[in-house]
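**Q** So TrEMBL says this about it:
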type     : residues  : note
TRANSMEM : B:26-43   : transmembrane segment
TRANSMEM : B:49-69   : transmembrane segment
TRANSMEM : B:76-95   : transmembrane segment
TRANSMEM : B:101-123 : transmembrane segment
TRANSMEM : B:130-148 : transmembrane segment
TRANSMEM : B:184-203 : transmembrane segment
TRANSMEM : B:234-255 : transmembrane segment
TRANSMEM : B:261-281 : transmembrane segment
TRANSMEM : B:288-308 : transmembrane segment
TRANSMEM : B:320-341 : transmembrane segment
Amino acid sequence: MKTLMRKSALLPAVFALAAALGASPALAEDAVNVTNLSYRTGPFAATGTPLMNGQRDYMLMLNERDGGVNGVKLVYDECETGYNTEKGAECYEKTKGSSIVTQPWSTGITLQVLPKSNVDKIPILAPGYGFSPMSDGKVFQWAFNPPASYWDGASMILKNISEGNLDSLKGKKIVLLHLDAPYGKEPIPLLQAYAEKYGFTLLPIPVGVKEMQNQSAQWLQIRRERPDFVLMWGWGAMNVGAVTEAAKTKFPMDKFVGIWWSGHDGDMKSVGEAGKGYRSISWSLPHSESSVMQDIKKYVLDAKKAEIGEGEFDWVFYQRGVLISMFTVEGIKAAQAHFNTKVVSAEQLRWGLENLKLDEAALKAIGMDGMIAPFSTACNNHAGHAGGWMLQWDGAKFVKVSDHITADAEMIDPLVQTEAKKYAEANAPWPINEECKM
Amino acid sequence: MLYRTVGQFKTSYHADHALFPVKQDAWLLGFILLIAFVVLPATANEFVFNALLIPVLVYALAALGLNILTGYAGQLSLGTGAFMGVGAYACYKLVTIFPELNIVVAIALSGFFSAAVGVAFGLPSLRIKGFYLAIATLAAQFFLVWLFEKWAWLYNYNSSGAIQVPNIDMFGLTVAGPNAKAVVQYYFVLCVVCLITWFAINITRGRIGRIWKSVRDMDIAAELVGINLMKAKLSAFAVSSYIVGVAGALFVFLWRGAAEPVLFDIPLSFRVLFIVIIGGMGSILGNYLGAVLIVALPVLISFVPGALGLPVSSAMVEHLNTMIVGATIIGFLILEPHGLARLWAIIREKLVIWPFPH
């Protein structure tokens, strides 16, 4: 048993260092730490980076323009995960002492930290991603996925491709091309429920992380199956791989529809004209002339506080990142007003996120009108179900091609409740918010 | 001076076969165990437990399992990650089918599943050797990960395809799941790891260990002196996979808390193999040294810029980290191709004769 020897000889030094650093964040007075578990490295960096930039720049802009939120500075740090769940869990441990919110940025990491949220009492903010049943706020008291869950997205896409008449899907064949990870599998239960009810055939085709860049096998299968529509739950290098392959096999682009994470300008730019007609559902609209974007340009980009890529400013993802940071900030504002305090704690922020009231007037006040549909959260509704719009690639940029679409609550709610219940039972004892009477 | 062996006489064969013929080794071990069992738990915070101590122990255990197969019995394997997965999924099924089962029993049993799978994939080793065997175990790696993805029964038909660890109590203390305290989990892992290490040391220096080593060094010669190669190789696969399976169960249940199939993919196998190669093949101590280098060092490096107050973005730190760790690995291998364990052995030899080298 000399085995343990050398290990421990190294550890005390090691450990003193980590203990000193891990536990004591250097916080200035009147500041809140809002750390982001970012990924600017790894196979998903291309899609991650503009989102992280948008998140960062909104925070920087508020610090520059208003000195933070009601006089409280926003400390925006990043912990790099590379979309790796192991790194993500490590980052969570590293940041949970200081950050008042956890932004896991991957469904895999969300699943990993979700059970701990009740114990550590830090809200998880997973805007438009994560585990869809998280919208049930009674069960998932600490998790938030505003403004819409993946199931909302799936429902909205089906509504749009059937032109509002879901019965017209009868007898059709729909392929779900998805990343073979928890994220890609999210919509399957809901789509299956829809397939049963409306009589269409659902064919999920998984794309492994290793085969993201070369999807010839999947597209061969798609050609053989001749589906009426292909829906895509893709991310990172998978999006560009799929769109390239679709263009190569001459798949009609107007039958190819992606979730909001598969509508990235950078991916579409690489196919350009060939991708014309591709659609992607989105809960956000890019609006570069809005006052918030102009302020970011003025206070952050022109002032050289941060740098972003060429043309990135107009991208859907960059501006979506701005909206995501807005959720945190509005949560902080709500908590400040309710608890009559300046520096909010993680538990107070939870209340704030549960009581977001983003109506037209509120969005106008922060200069974001037209970028997102108004919504509000409640103790039983952590998603807000804001709905969204269908965007279409016109060869150079994404343009809005639909009216506002909302998800079909009748289909989703029962599934949310059963899945949330199943989760709570599998993880018993799981605390349920009994005070919530809604 | 510190390591003087002069005057430590052995008067019987029994004494000569002791685990520590040199007294200082025993003291050093005692000191390290004292740190591991008393000092660290008293001083570490949750981050240190979850990001440094528990992962180092779990990875060291997995490396120990692989080292028995590769370092002692000479059979190269690239399927370690998948065998860890077998242990983890077996443990998950056992715990969900029999919720009353004690977690220690569940983990101990899950090792047997992994051992059975290991033996099945070890059968080709009777005919093929070296790199060809590595390819055969690679097949196990791909097949098993595919199975974890496709066989929905394994993850109880969970819609996300991931397994989640429920809260598990033992003697009134929560040891696994979200409510478990990090220090409890650390003690649990430490005890299991110590127990298995003790078992591994004794099996590798006894009759079975010698059989393995003879097979490793020259299997034709071993066969000629009457060693049953089939028994020797398959027993190595069984013991190795058992330990790897237990490490996999600990990996998910006592550390990660949730797992998706892709976690057990080939990068995990390579990571464990690197620990073995850098730590030292055919050594038990090496697994721990390798695990510290591969698992703990990157975590520590990521703190350095912050501690020095350098304005380096976290993505940049990650890039630097990859480069530094890569350079360190190459550096150590140039310095001592036989791994860190050999490096320690050389240092120890020098210490024994210090300060009078002649």
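Cβ from N, Cα, C; glycine included.
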**Q** Have the transmembrane segment (B:130-148) and the transmembrane segment (B:101-123) got at least three CB pairs under 8 Å, pairs 6 or more apart in sequence?
**A** yes
**Q** How about long-range neighbours of the transmembrane segment (B:184-203): same chain, 6 or more residues beyond its ends, C-beta under 8 Å?
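**A** The answer is 19, 33, 36-37, 40-41, 44, 49, 53-54, 57-58, 60-61, 64, 68, 104, 107, 173-176, 209, 239, 243, 246, 250, 254-255, 284.
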**Q** Among the recorded stretches B:26-43, B:234-255, B:320-341, which has the greatest number of Cβ pairs closer than 8 Å to the transmembrane segment (B:101-123)?
**A** B:234-255
**Q** Cβ under 8 Å to the transmembrane segment (B:288-308), counting only same-chain residues 6 or more beyond its ends: which ones?
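**A** Same-chain contacts beyond the ends: 51-52, 55-57, 59-60, 63, 271, 274-280, 314, 317-318, 320-321, 324-325, 328-329, 332, 339-341, 344.
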